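Annotation comment: TrEMBL describes 1-27 as signal peptide. Residues annotated as transmembrane segment in TrEMBL: 202-220, 227-245, 265-282, 294-318, 330-350, 357-378, 384-408. Under the heading domain 'Histidine kinase', TrEMBL lists 445-637.
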Amino acid sequence: MGLLTKFAKLKAFILPVILCACLRVSANNIDTLLVKGPVNDYLSNYYTWFKDSNGTLTPNAAYDSLKAHKFKHDRNRKVFNRGFTGDSYWLAVYVKNDTTIQIPILWSFYNNYLSFDLYEADEGRLPLKFHGTQSSLNPLDKREYPVRSPSFKILMAPQQTKLLLVKVHAINTDNIYFPTDITTTEDYLQYETHNSFLLGKFIGYFLFALVFNILLWFALKNKLHLWHAAYVLSLIGFNINEFLLDTFTFPNWLYKLWVHIPKSMFLLLPVYLGINILQIFINQKQDFKLLYKIFRVYKVVALVVLAFVFANSFVLPANNAFVAFVRLTAYYLTLAGLMLIGVNVVSGIVRKHYYTIIYSISTIFLLFAFLDFLLNTLKLGQLFFIPPGNIVVAFTFEILALTVIFVFKYKKEKNDSIQALNETFNMRTSWAREIIKIQELERERIARDLHDDVGATLSTLKLHLSNHPEKAKTKQEALDYQRSIDLITKITEDVRAISHDLLPPDFSEDGLFIALQSRIDDINYHGRIKFQLVTEGDEEKIDKVTTAILIYRIINELITNIIKHSDASEASVQLAVLGTGIQIIIEDNGIGMGTVVNKAGIGLKNIASRVEFLNGEMHIDTSKNGSTFIISIPFDLKHDLITDNDAS
């Protein structure tokens, strides 16, 4: 009975030990990747990995660690991601050619800033054979297999199994992150053909957006489009770098420089440029004053860090502690910039700020894409994935949305400007009417004073002298007496003429054309110069309250100048109402008025000021054969308001 009890206790102890041992062996069992065509499974289901803390582990020591089951699994992962770390890592995978022919396979690593050393072991047994080193530092023609990703080409005999052991270490970055796969060369090239065609369409669209924004900046002189062009250019650089297209884009001499620029710069630069676009678009300086001050400090810090990142890429070694610190700072500044943009967007939405709400529609997807990239890089998780990449898809959406929004904003601002101009024009028209009304009232008052007071006094004086009872004693006195009567008569007629000219013309019944004809007839009846009036067009297009009065005054002033200074026998006045405006041509056959034009007397100054008030232009041609005045006036403001089509 005691023996049975001891056996039962021993059985209870041994069974858990055996079970744990079996589970451990199962956990460390490495599945062999069978290759007989395209591989559609995650490579992480077949490889195991080991952290080399000091980066000094030899290939044989790594092999021993593999055999001692110290390597770990990362199953169902597309990406090998260890986050920010200064450690090196070893990956091990067993691969078998499960066909009856020799096939070449490719082990590819999709990252620009890592170096990979590959070792092979036939049938998984020593010795390890060094296959070679691949990294992004090598231009295309220096790589073992000339494709965009650092790749190893491995020949596999029929039914051959190999242990592939690769060491990964960073050369110009602070994190270990890369997608990786093993497949046949044929499958790889088919995928690359499709992927390159897809990426090419995206990059082509980005280039179109770049050129389009540059042309918009040249056309509109709006710095928003210049900032957007720079932003598009920076994101083109990011996508070329992210998808390893730089090997095909740049010549070797430029690629060797380009490859030293770290990814942190391609992340911080677009955020910096995007902040400038945000500030201009939402008028942050006026509408978000506190945030504007915070953003201004951020931009200064970001510029300094960007300058250090760029300079360090070519001055200091990539593994320098200061260089690594600056690179890491750029990552966190990028995250801080995205958070600031998010805060501004949320603040604007809460305040119902119109342009912030519009901006958020275009940017929200890209913000999440960048946030996802950073979280993935920092090994904090992944929000979502849309092939060929979150950022390139989000960037495409943002460009399209911003283009529509910028056009919408320009259209709205143009309409607001047109409305403001029309309101200004209406106000100016109203003021012009009032000014002219006041002027004409004052002219009428002066004319009546001249007629009723001065004219009446002169008439009384003339009557008084005419009825003087005493006759002239001498012939000279008689002549002087008659001359005085004549002078008083002339002064009386001049005052009457001035009074008549000062009175405002009445266009309400007869119109401008008839008023001018009446004035010409009066001059022809009393004067020695014969004037001819030619009118053409629809005078109803002319505003009778402002434009018509000013045109009458202009023509009357020019006629007066011709009478006084031209010594002409004939003159013509042509007034044409055309489709776009009014044209006045006045000519005479006199001796010219060069002296009058050069001196620019009060009369000409009045004419010039009236023409300018009507937004018109005046051209004067005077010579010994006569003078010509050509005046072009656009339709008055009442009929010439700016419309949307005119502004276009």
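Here the Cβ of each residue, glycine as well, is placed from N, Cα and C on the backbone.
227-245 is the stretch from 227-245, 294-318, 357-378 with the greatest number of Cβ pairs below 8 Å to the transmembrane segment (265-282). Sequence-remote contacts of a segment are chain residues at least 6 beyond its ends whose Cβ falls under 8 Å from one of its Cβ atoms, and for the transmembrane segment (330-350) they are 174, 262, 264-265, 267-268, 271-272, 274-275, 278, 282, 284, 288, 291, 294-295, 298, 301-302, 305-306, 309, 356-357, 359-360, 363-364, 367, 370-371, 374, 377-378. When each of the listed stretches 227-245, 294-318, 357-378 is scored by C-beta pairs under 8 angstroms to the transmembrane segment (202-220), 227-245 comes out highest. Residues of the same chain lying 6 or more positions beyond the ends of the transmembrane segment (294-318) and with a Cβ under 8 Å from any Cβ of it are 171-172, 257, 260-262, 264-265, 268-269, 271-272, 275-276, 279, 284, 326-327, 329-330, 333, 336-337, 340, 344.
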